[in-house]
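> Just passing along the structure, written as structure tokens.
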Amino acid sequence: TAVTDIVPDVVVAKDGSGNFTTVGAAVAAAKDSSTARFVIYIKEGAYFEYVDVDKKKTNLMFIGDGIGKTWIKGNRSVVDGWTTFRSSTVAVVGTGFIARGISFENYAGPSKHQAVALRSGADFSAFYQCSFVGYQDTLYVHSLRQFYSECDVYGTIDFIFGNAAAVLQKCNLYARKPNENQKNIFTAQGRDDPNQNTGISILNCKVAAAADLIPVLSSFKTYLGRPWKEYSRTVFLLSQMESLIDPAGWLEWSGDFALTTLYYREYKNTGPGSNTTARVTWPGYAVTTNETEVIQFTVGNFIQGSQWLTSYNIPVYLNLT
């Protein structure tokens, strides 16, 4: 469905031409525990506010004017006294949340440690053509089932992290220029029990350097992930990896912590960063060409996409391709 075909329930505009001038006011106006979709159209502009879609605010949809046009921005960080969890510019818990055409940013900067742009703990949440801009801990895929399609994610350290069941499909993941003596790590998945059906699935994505990193690529090492928790689970499937990825591919968290219990897989990736000949030799890591091993990480199997995503009117494929 084209954005123009979706009729919003309320409009947010900085210039007063809508129903509200802040996103937060529009969220507050949504009926609690709604089974019907409530659409908030957020007109182009930069909204400097912290937005909380709590568990009572179900089936909300944010529609913006596109990446780089509609911005929600904040700068909370751990250095400035917030917890990682509370540092998020936008936090979503209400089930059935959809965002489309919005840039979420935490502009605290690379010296402020953890500073989250968006945290999702919303089951059945989906993000289409959105961007997530930060440095350390940009995108907190906190918990439950979530889907990201045609999104751009920018960061430095552990910038896609958490313990959701998350699939990123056809997204662009960009490592930025960190501080001196810092490394870039795309993921830090937080599964702490082998029975949890959680993980980060990177499917048919581009793994690349952001514009500010390109001229200084040789000064910084960049890795696909590191194990935040003991049973960390992350897969890169059919993705295109630029040359920024260190030949080892993956980084330890602390000594040999989790190296036997983690589950990291690479499957049929392409590009100069996908060369696996010098990869780590941890017991929990493997390169696989076995489709039956990775089929569990598709939208259909990993997050049961056929039960909910197909009604969201956003492009999705349930299988590997």
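All residue numbers here begin at 1 and follow the chain in the order shown.
In case you wondered, yes, glycine gets a Cβ from its N, Cα and C as well.
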> Quick one: which of Cys130, Cys151 does Swiss-Prot link to Cys171 by a disulfide?
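In Swiss-Prot, Cys171 forms its recorded disulfide with Cys151.
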> For the set Asn19, Asn75, say which residue Swiss-Prot annotates with N-linked glycosylation site.
Asn75
> Since Swiss-Prot lists Thr84, Arg226, Trp228 for substrate, which candidate among Gln114, Gln196, Gln240 does it give for that site as well?
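Within the candidate list, Swiss-Prot flags Gln114.
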> Identify, among the recorded positions Thr84, Gln136, Asn290, the residue whose Cβ has the fewest other Cβ atoms within 10 Å in this structure.
Asn290
> Want to know which recorded positions, from Asn19, Asn75, Cys151, Cys171, Asn319, are within 10 Å of Asp158 (active site, nucleophile) at Cα; which are they?
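Those near Asp158 (active site, nucleophile) - Cα within 10 Å - do not exist; the answer is none.
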> In Å, how long is the longest CA to CA span across Thr84, Gln114, Arg226, Trp228, which the record gives as the substrate binders?
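Of all Cα pairs among the recorded substrate binders, the widest measures 18 Å.
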> Hey, of the glycosylation sites listed (Asn75, Asn275), which one tops the CB count within 10 A?
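Most Cβ neighbours within 10 Å: Asn75.
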> Determine the Cβ neighbour count for Asn319 (N-linked glycosylation site): the number of other Cβ atoms within 10 Å of its Cβ.
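By my count, 12.
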